Amino acid sequence: MDGRAEMEVVRTTKGNAAGEVSVHVVTTESTVQSTHLPTTAFIFPSQANATTINLPTSTLEIQRFPREPPRNTGAERPEKGVGSEPITATVIPQISGVQTCNTVRVLEWKDGVATLPGSNLRFRINEYGTLKVVSADKMPPAEAVKEGHAKKDGDSDVAPTSRDNTIVAQDVPEQSKLPTADSICHCDTCGRRHVSDGAREGRGFCSEHCHQQFKERSVIVENSASSTSATEILKPVKKRKRKDYQSPSEEDYESEQMEEKQEEMKNSVGDSAISNPEAHAWSQHSTEGPGASEEKKEGWSWASYLEEQKAVAAPLDLFQDYQVASQHKNGFKVGMKLEGIDPQHPSMYFILTVAEVCGYRMRLHFDGYSECHDFWLNADSPDIHPAGWFEETGHKLQPPKGYKEEEFSWTNYLKITKAQAAPKHLFVIRNTHEAPPGFEVGMKLEAVDRMNPSLICVATVTDVVDDRFLVHFDNWDDTYDYWCDPSSPYIHPVGWCQEHGKPLTPPQDYPDPDNFIWEKYLKETGASAVPAWAFKVRPPHGFLVNMKLEAVDRRTPSFIRVASVEDVEDHRIKIHFDGWSHVYDFWIDADHPDIHPIGWCSKTGHPLQPPLRPKEPASSAHSGCPTLGCKNIPHTKSSKYSFHHRKCPTPGCDGSGHVTGRFTAHYCLSGCPLAEKNQGKLKADLSDTEASTRKRNLIGFPQRKKSRHHGSFRGRPPKYRKIQQEDFQTISSDNMHQSLFMSALSAHPDRSLSLCWEQHCKLLPGVAGITATTVAKWTIDEVFSFVQTLTGCEDQAKLFKDEMIDGEAFLLLTQADIVKIMSVKLGPALKIYNAILMFKNADDTLK
């Protein structure tokens, strides 16, 4: 019962007895809780306990105060006289601070009943947790009193505590003047006074409704009393709109559980691409990794797998520091922006955004460009830099698509995009910022073409960053460029080929390639050669065949798989994914950041794809991918790996080169220069003037044709997909969607763009079997009829007729012409423009 109380200690003098004290408590009860009139009561401590409330040991005596005049409270109960009203005193004990509740400590407790020493007043705790005066004939039986309401034996001087340090009491008349309990009672539930008929079962209640409410509340109090302390019992039971908790700490515990569950849900969404890595440590003892992984569910672990295969793990000392698990966590977050090197154009720097984080790896997205160009790398990669790095180092930064280079500013760009630049401390600090001695921009050297390893070409140092430099092949496209250090086995000083009897490929379009002389070329270009002493010798690696490790799947870069060393060279190893066909094997440098010792995934929190088991189906019936073990997990719209199951089927071919010479790689039999059926075509294409050069330089790979971009260009140059022709019967339309529209990313794509012919014909059936030579002879009406056959382009066909576009003009149209000049919507324009590209591709294929 909430209310305000005021205590007054009045010192009075009666006769000659000085120091006599009168104590009274005046309460003003809330009208919400009870409507009975406020009264005044006195509590008299015994002589022994008089000092407890800091009163003198003199006799305490009752001093009667007149009642306040009755106030109209709006209650319906009849007003009775003062002398005939039954009066009940209520004392609210203090819950906290038992030692300071001096007034309550004067009560003596036994079996849940308190007795005021020196009087016949008795008290008990009602359903509200407050003290209530009871008469002798209304004393509850001892067995009905709960243990939680009783005082422990031997501690009779300590009483239950109350909610506040206040006494709420009513006027207590002399015991002889109290009316009998059989006649007038005080309702234990609502507080109203009523005349008991003596026949009702609940004599302490004014109605059956109050009696029932008291029973329900008593059940709650009794249930909680058995598991709570005396101080907790005295707490009033509040009504809850939420669920009732069985223990005081249950609510807090459940709240903590809910917070933990919500946190786990956030982590699961943020790491939706992460399954639990395998359990393993560097010492080959099982160590559980974070998350909940596929291999964990299957019970896969490195320790058991090595024992099962009787294999050995590649020792740690064979790996470079950046290949071993870093001591630092990956602090990059999705949405952070930074600067980085384009892996397809290593000489160009772009603005990148973190699109996905997985363990110590992350997927980066080129701002303003399609997701098909996204790529994966480690958080400590030297290819990424903080925002503003290009200004500090004097490099040229390619702005996002739609921005002009001279107008771009990091500060404004971050404001416009409402993004955050990746903090500088997240980037790995290199050991040295000094350029490798002897290597300067513009110096010449001889370098191996990484895409065609049989070729050693004339090259130039075009950039130097920290301890690395960029190798560029003279007069070739920058797609062949690569970064390396002085110990790279792919670079040699000028004259190395002549000393070792190796053929040297001169710069493209060099006037007299058969008589190339370094001294003459250096004089013509005004350049100098890198001194021989600047080159360092890298010792061979120590990897052995069948050693186990973890490697990134090049066809699905988001995956890291269990792998074995299939073959070795001095500085390269051949990777084989355990359980997979050898068709997917590939060569990689022994110091490449995409290979790691066993347990790297577990330590960095990256999921590891376990070996493919024979029990696993080759592919699900509806997966659309015939690759063994493929779970139909698509790439991130990657143009290069949009069909990750494809690779050249020619034995011994690693996919390098192309029979036409227009591509640096191939993925099908028709483009393979090593295929028997293509040998005749390859020989026929060789002219007499090129025969001697190709016989000297070409060992299984065609000599590259010039594909360099002429003139200046803005933004990122277009990238074209290189996909072979295969049986596409099981490929779904969803998988073909990206391939169809990627060819129209650039308004002026290369004529040599390789297209997925059969795949596109399914979505554009009208182009099947038609070449550009045939289309060039079309009339205006034939162009009109063709556009009408394209799904969704019926309304646009009339525009071509109105503009009087014949076949030859039709082939000259670009995507920009169709959209901007002819005002064709983007969807139909893409279909029409892709049809034009396919006509041209069909014509080139026949040639």
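Positions of Cβ are set from backbone N, Cα and C atoms, glycine also.
Swiss-Prot tags one of the stretches 361-368, 385-392, 473-480 as region 'Interaction with monomethylated and dimethylated peptides', and that stretch is 473-480. Per Swiss-Prot, the range carrying the annotation zinc finger out of 199-242, 287-330, 639-682 is 639-682. From the options 10-31, 142-163, 164-185, the stretch Swiss-Prot describes as region 'Disordered' is 142-163. Just so you know, the Cβ of CYS672 (Zn(2+) binding site) picks up 23 other Cβ atoms within 10 Å once every protein chain is counted. In this structure, the CA atom of ASP449 (site 'Mediates recognition of monomethylated and dimethylated peptides') is 18 Å away from the CA atom of CYS672 (Zn(2+) binding site). Sorting each residue of the repeat 'MBT 3' (516-611) by its DSSP state yields 19 helix, 28 strand, 49 coil. The average pLDDT for the repeat 'MBT 1' (300-400) in the predicted structure is 92. DSSP assignment over the region 'Interaction with monomethylated and dimethylated peptides' (473-480) gives 3 helix, 1 strand, 4 coil.
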